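Since the structure comes first, as structure tokens, the remarks are kept for the end.
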Amino acid sequence: MACRQRGDSGRPSSWFRADWRSFFLSFTLLTSVNSIDVNQLDPAFPGTVTCYENRMVVEFKRTLGNKIQHASVVDSLGLKMLNCTYVLDPEKLTLKAPYESCTKRVLGQHQMTITFMNDNTAHRQKTVLYHVSCPVMQAGRHDQHSGSTICSKDFMSFTFHFFPGLADDTAGPKPQMGWTVTVGDGERAQNLTLQEALTQGYNLLIENQKMSIQVLFHATGVTHYSQGNSHLYMVPLKLTHVSPGQTIILSSRLICASDPVTCNATHMTLTIPEFPGKLKSVSFENKNIAVNQLHNSGIVMEIANGLRLHFSKTLLKTKFSEKCLPYQFYLSSLKLTFYTQLETVSMVIYPECVCESTVSIVSGELCTQDGFMDVEVYRHQTKPALNLDTLRVGDSSCQPTIKAPFQGLVKFHIPLNGCGTRHKFENGKVIYENEIHALWADLPPSTISRDSEFRMTVRCYYSSSNMLINTNVESLPPPVASVKPGPLALTLQTYPDNSYLQPYGDKDYPVVRYLRQPIYLEVRVLNRTDPNIKLVLDDCWATSTMDPASLPQWNIIVDGCEYNLDNHRTTFHPVGSSVAYPNHYQRFAVKTFAFVSEDPAFSHLVYFHCSALICDQLSSNFPLCSASCLVSSRSRRATGATEEEKMIVSLPGPILLLSDGSSFRDAVDSKGHGTSGYAAFKTMVAVVALAGVVATLSLISYLRKKRITVLNH
């Protein structure tokens, strides 16, 4: 037998703190006491026993004095146990012994025999044997979360398991009446009778050899930690039951995080506020992961301003749910173990991602101001993962604006009037919807069907409040003009200056312009009095022939905006109130630098063309008609109408562009009209041509007469 005067501190092992830490039994034993000399039976064991997971601790009464130095562990016959290694501490009056080598099992108990010399007899020393016991916990009694706080929506709960005998003692007609509840630590500890505890947020249930206690988050003694929108609750709890001959003490520290997890397309995030505790491990799906292994296991931990755990969705399970399309992500349970207040405590939560609905995933509350909805699709947004190469939107005419294969991400910029986007009016909102399709990444090609396809409805809306205008009306507005049937007609004209008062007539072409002289152009809708329509330019360009499709071409306006690759940009001019329907007009000035070559004698005829469309400001495409040139050309191009909806209009005649060194400069007046010199030039050309024709006819007549004369001779 080995006996050491100093040994380990007697703290329960880590396994016990995880699963048994909440239970110890402290009682005065009045069980069988055997003596070698029957006349020397001791009526009671002079001490108490505390039972741990793999050992017991005996605490002797101080009345024993120096006799404790002679205490030892023996077998039931009083013989030394050679394999028993125990620790005797005379100063603390304790003896610690492991169950495995120092006890034997008797009727479901770990039984140990202690002896020490009793020298109260003046004649001879006699040895007294004491049997002390701790219960044997039956295998399989605990579930995987035994010893952990179970978190629910409004309360936390903890379960203490009994052993045979203790359960019988507490199973009387009023088993709960002997219990008292102590909550809090140190000076803040409060002792409550069971009846008081029931009225202050606690509930106790004893059945089937176990005791369950439920604690509301606002119960007496509960400490509340909060940070932002995250909350954590913790309470030290001790239950004491006193009966003749024994005292039962059950203790635990309950801890619970009450907030639901948040989810995005790739991760599930759990947030816990700052509190005096440190995370030790994370357990789920029969895996226990230490903190230093979290990152390698797909879990990212942030510890600044509280604790945040980001779980990759590849770790989560999926299940069919009426709330989600097509699956809901969740963990069947998640156990977090912390070290706090010199204790190891655990809590169990049941996290799952919250979904919007079975038919829609809302891409954003409001559609963008320039008439789009922006959608992000991640490869791991579903399980199994998506094949991003098979993604398509609506009628498949839309292509992704961004593809990031390494991030498993695709972004769409879907126009509200294209790609098959639909709209409807509902509760004062204009709701736009489209559908995204994709195939699963690991789907065998031979099993393609409708069920194998991922479908996600995306939507955004404009509310009626977005269209409100505050006005002060002093008179009734004029009646809305009736809609005029028939095709729309446009015209493109040029003006002498930016007053736009009198355009050039058809007889004034070609209109002459020199270097540094702007060309003032106007596109307008003809023969319409509907104030609700708006003219929107698409493209304007110049060609060297009358054919709008001929090459080369010079861009003037692209997607309704000045051409940003031209150093001499087009200037838009506002349409004032001098016209009845300003929205029926578009005015702009073109710089001649874009067309004139470096040859000082350069002259050229240039033809101007524009494509445009008509917008109905009362219909659902109004946001598109108000798009700003701050949007990139590529984005604006996606909002444009089809080629069938656009109309192309050209100037009635060409513009004659001349450089400063041209010999015709003096022949042009300040208004740009050709003068008599230029008219004489044109007349001279006609006369020369006529003279040539006459000379040709005369030659033919002479040759014919000469031939006739020769034949007559």
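Note that the numbers count up from 1, one per residue, in the order the chain is shown.
Using the three backbone atoms N, Cα and C, a Cβ is placed for every residue, glycine included.
Swiss-Prot lists 1-35 with the feature signal peptide.
Taken from Swiss-Prot, the feature topological domain 'Extracellular' applies to 36-682.
Swiss-Prot lists Thr457 with the feature O-linked glycosylation site, giving similarity to another entry as the kind of evidence.
Taken from Swiss-Prot, the feature region 'Disordered' applies to 464-486, supported by similarity to another entry.
Residues or ranges marked as transmembrane segment in Swiss-Prot (evidence: sequence analysis): 683-703.
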Neighbour count (Cβ, 10 Å) for Thr457 (O-linked glycosylation site): 16
Per-residue pLDDT averaged over the topological domain 'Extracellular' (36-682), given as an integer: 76
For Thr457 (O-linked glycosylation site): DSSP state (helix, strand, coil): strand
